[in-house]
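These notes are about the structure you will find just below.
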There are 4 protein chains.
Amino acid sequence: MKRIGILTSGGDAAGMNASVRAIARSAMSAGLEAYGINYGFAGLVAGDIHKLESIDMDGIISRGGTVLYSARFPEFAEEKTQLKGIEQLKKFGIDALVVIGGDGSYHGAERLTQHGFNSIGMPGTIDNDIPGTDFTVGFDTAVSVALDALDRVNDTATSHQRTFIVEVMGRGAGDIALWAGIASDADAIVIPERDYDIEAIAEKIKQNRANGKDHNLVVLAEGVMSAAEFKEKLDKFGTLHTRAITLGHVQRGGSPTVRDRVLASRFGDFAVKLLLEGKGGLAIGIRDNKLVASDIIDTLENHKHITDVSLQDLNDRLRF
Amino acid sequence: MKRIGILTSGGDAAGMNASVRAIARSAMSAGLEAYGINYGFAGLVAGDIHKLESIDMDGIISRGGTVLYSARFPEFAEEKTQLKGIEQLKKFGIDALVVIGGDGSYHGAERLTQHGFNSIGMPGTIDNDIPGTDFTVGFDTAVSVALDALDRVNDTATSHQRTFIVEVMGRGAGDIALWAGIASDADAIVIPERDYDIEAIAEKIKQNRANGKDHNLVVLAEGVMSAAEFKEKLDKFGTLHTRAITLGHVQRGGSPTVRDRVLASRFGDFAVKLLLEGKGGLAIGIRDNKLVASDIIDTLENHKHITDVSLQDLNDRLRF
Amino acid sequence: MKRIGILTSGGDAAGMNASVRAIARSAMSAGLEAYGINYGFAGLVAGDIHKLESIDMDGIISRGGTVLYSARFPEFAEEKTQLKGIEQLKKFGIDALVVIGGDGSYHGAERLTQHGFNSIGMPGTIDNDIPGTDFTVGFDTAVSVALDALDRVNDTATSHQRTFIVEVMGRGAGDIALWAGIASDADAIVIPERDYDIEAIAEKIKQNRANGKDHNLVVLAEGVMSAAEFKEKLDKFGTLHTRAITLGHVQRGGSPTVRDRVLASRFGDFAVKLLLEGKGGLAIGIRDNKLVASDIIDTLENHKHITDVSLQDLNDRLRF
Amino acid sequence: MKRIGILTSGGDAAGMNASVRAIARSAMSAGLEAYGINYGFAGLVAGDIHKLESIDMDGIISRGGTVLYSARFPEFAEEKTQLKGIEQLKKFGIDALVVIGGDGSYHGAERLTQHGFNSIGMPGTIDNDIPGTDFTVGFDTAVSVALDALDRVNDTATSHQRTFIVEVMGRGAGDIALWAGIASDADAIVIPERDYDIEAIAEKIKQNRANGKDHNLVVLAEGVMSAAEFKEKLDKFGTLHTRAITLGHVQRGGSPTVRDRVLASRFGDFAVKLLLEGKGGLAIGIRDNKLVASDIIDTLENHKHITDVSLQDLNDRLRF
């Protein structure tokens, strides 16, 4: 083992740079070399690969986005493209690859592993929807950015006694909605993992209003429907002065939080440790506050992310 | 002069609370009483009026929204409603009224003045579109919030070499777009005060990209068109990997910036000073960094806000 | 069980309000009443106690400090004062007490429990130094505030090639220093749990500088020594352009992070659940990402907080 | 005129990078070349000079510190060193120099002008203490950072009914203290430009406390004395539960505010415009919201910065 390749893939997440830095620096500390691969699997196949120096990693821990760029590359589903990628890795003398990203990125790492090339998947996505880990790098920052907006919306809602319906990201998962909703004192949190009762939500808002609450908030996961659609449905149950907001892409970027920086640092260092021990074909995660690694093929094929839906019940108990 | 009434009206803006506090505290310092009127002109007519104590003003300088609430109230266009409002003011022994808000709010103050009730308009709107002042309270915070999002979007754009079209608020004025655009290194700023050449914008983006810039940004004022519409038009000129974002209501709220807090403090104190000097029927502003007051009727009927469109030229000279 | 008392004690921490809200709201959801006790144990003894309504809890989740105030009260070490406190609780018909705070606060709760009054300790301190839990409410916010300052200091250090020694809080624990140090790419982290080799630190800084790093940072836990003392020692090993900074009280306050708000919400709800089950005399915590409760007397007498010192080794592997 | 040199000098300020970018990009737009000089006048004399490309300026508008580094260089007071600097400028074919910095930096520019080398001083300092301008680049960000800390301190002060004495930067000027003090609802602002009456301050705090204010704040300019000294003096007038805080270096850095970015952009573009018109030997500023240029020698020798001390009176009227 002499050279580790690193790539970021899929939607960008805050902390991807912290992840790249951790892998590269930890590798260097162990006497290995680190190679950066630009534009994810597309750059891998194209051979857009360069040696990383420690100084290149300086200061990037605090920056959003990814210095290795990212790209969509559906062509990597084809075997011949995968083999072309492995060829490039061998050309650069790279012995193992760490892929930082979400679901799709993991599948790329899985395929390389199936072809015998040692690859590790590291969770980097805002959606927190990766099997094999309680938390992904980027999730804490995304929720923080969403909360910042929700705190501001609460201000405005107060001034006008409005009901804001705020759609947050998360793809098929309700994690961002649940955390952001609890933290922003939402009247209701609506997630794809559970049915919702719109009449009960309208009733709750009216009741809260009757009790003197002067602002109302529904946090809606994008996996359920759009804020505009939800508003339309809710408006049928009375005059709640609704406004629909979609937070959108602004949730992706930004300087990562402490949590995401430390988690990325731990993940990156752990990946290098595993590779040094001769292990591979793994998905890295944190479970019950401990670093874990599981077989990447088994993880992707037999497990799925479990959202902690009990947080919705918690919110119901803490609502006005 | 013994009692000053205060109301906030129209869309809320950060710094409205700082404005209320400044009027109330400055009035109290001069031995006057301050009365808060809830829900703008609607609350005025309904008599939703209460005495403000100094301690009520404690801590509100740092909060977004408005503790006096705000409301739309088109009925105030009718004379009999206006007279009803004056009746309420007299019932509470209020001698003069300060109205914090935007365009529409000023018209309310103007009408009361025309009926002989001494009223002062104080600029509180994120749009910066009030005649008689270079800056409104709320503008600096709104641009700051927008910039925060734009800095994050630049991170994401970098990772994917995307062109983001970000629609910011401002109603008919391009001020938010201009300031936020310059501050975020936008490739182009599109404002309602000037025609735009979409082909030239596409060309500029391509050229910047050819020169190595790995993210592109168009800041679009809502007064021109929506981000989605602009994206559609821009996409006709080639593959620029466009994404449309509408920042929306999150620009309104939030803890006011230093500028907005100090400006609100100066405006509020100035309004009280004018009333103590027996003046009224005025619109307050800051021009060339000096506090000014102009006749509110003349200001509304014969003047309009002039956006400093030369900022667009400045941005063109500073673009990549 | 009909009435739950709540008090905050010791140094304030972000998330104390979120904790109060969670206990009160969860209690109300279960049909109980919640009583707030002002100024910690001092207010308890003085009978400064009032019923909390749901609307009082509105909006406080986002605010730093504590709406119940806090106070030092060494007199509570005396038995007769403790009994006076219990008398007050009985007078108000309060059946159980939740104490939010750090070490000292826990001892108060322990003593009441020893006198037979059902009390629960809930971890609220920035220092993360409570036995029985991996994380305390307030820790994540304190580290975030520290990191914000460290990111800024890195900017300045870059401009002048300086070595900044930044002293962070934590009392006897190095947790804040470790997390903030990893997240800010510190050249060295110095904590009370481990000896430090100042010559090695100076050597590392020189070496990093020789390799092109243009800013240097030592994050120092206040439990070791002051920044000024450390600077003096470090200056003996050569011209490193050192500057000493003490972050101080600004680390305490501020709007709590998502983590702290959610953790506080979970803790508060859990405390109510335990009380409803007839349990008490407990210290609440989160261990391995699971809510846990341990005997408060045993926890305080036989356990102590274990700082994860392996984070220092991690930082050493990730340094430039 | 073909080549413009740029250097940053003295204490770093947020917005220095935005200034460098604006000069460089505006110069390039006019067909000129821009050269960056590292480490201020020290680098000038040493010939640490390099051509700037547009892409080097990409993204720096949002970063604190200065990409051109800064350094103290008292040797530049000697004529022979100044002539050596001019020699270097000529060697690189540089026709004019823009110096970004504070007082001391201006003197460097003044001396070069006296030797016949066309130099322009651009205000970049957090202290706002430059003659010839109402505002300097970096001031708005420094006050914003200070305010952020003061808002947090207000949270903590509330919890413990403490009086915080917070020392802010500003060298000999009270501008930061005045703006931050008004914006944070300080009980008193103490500045070097005016005498203070410590007994009256203590009296005011006691009175505010008697009226129910549960936190007290004195904002102190570093030019008066240290927070620790002030605390000692104040403690003689009774038990006010004082705590002294020195904000220190954290005020310098950080991502610049909108105001500072736009001001830097306008200044930089204006400097290039003046040079293109064949003008030079100037100090740039903004006065009454208009860009102005004044003779640099006259400005430094016959004018000084006037702090708007009326802001202290304003604060007195708005205090609790």
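Quick reminder: no glycine exception, Cβ is built from N, Cα and C everywhere.
Since the structure is predicted, the reported quantities are computational estimates derived from the model, not experimental observations.
Among the candidates C:GLY5, C:GLY11, C:GLY170, the residue that TrEMBL annotates alongside C:ARG72, C:PHE73, C:GLY102, C:ASP103, C:GLY104, C:SER105 as binding ATP is C:GLY11. Neighbour counts were taken at the CB atom with a 10 A radius for the recorded positions C:ASP103, C:ASP127, C:ASP214; the maximum falls on C:ASP127. Using a cut-off of under 8 A between C-beta atoms, none of the recorded positions C:ARG25, C:ASP127, C:LYS213 neighbours chain D. Counting only same-chain residues at least 6 apart in sequence, those with a Cβ under 8 Å from the Cβ of C:HIS215 (ADP binding site) are C:ASN154, C:ALA157, C:THR158, C:GLN161, C:ARG162, C:PHE164.
Using a 10 Å Cα-Cα cut-off from C:GLY102 (ATP binding site), the recorded positions that qualify among C:ILE23, C:THR125, C:ASP127 are C:THR125, C:ASP127. Cα of C:SER105 (ATP binding site) to Cα of C:THR125 (substrate binding site): a span of 10 Å. One way to see the shell of the ATP site is to take the Cβ centroid of C:GLY11, C:ARG72, C:PHE73, C:GLY102, C:ASP103, C:GLY104, C:SER105; the remaining same-chain residues with a Cβ within 8 Å of it are C:SER9, C:GLY10, C:GLY40, C:SER70, C:GLY101, C:GLY108.
Taking the Cα atom of each, C:ARG21 (ADP binding site) and C:THR125 (substrate binding site) are about 17 angstrom apart.
With respect to C:ALA24 (ADP binding site), the closest of these recorded positions in Cα terms is C:THR125, chosen from C:GLY104, C:THR125, C:ASP127.
The most crowded of the binding-site residues listed here (C:ARG21, C:ARG171) is C:ARG21, judged by how many other CB atoms sit within 10 Å of its own CB. Taking each Cβ in turn and tallying the other Cβ atoms within 10 Å, the top scorer among the binding-site residues C:SER105, C:THR125 is C:THR125. Ranking the binding-site residues C:ARG25, C:PHE73, C:ASP103, C:LYS213 by the distance of their Cα atoms from the Cα of C:VAL250 (substrate binding site) places C:ASP103 first.
Filtering the binding-site residues C:GLY11, C:ARG21, C:ILE23 for a Cβ under 8 angstroms from any Cβ of chain A leaves C:ARG21, in order along the sequence.
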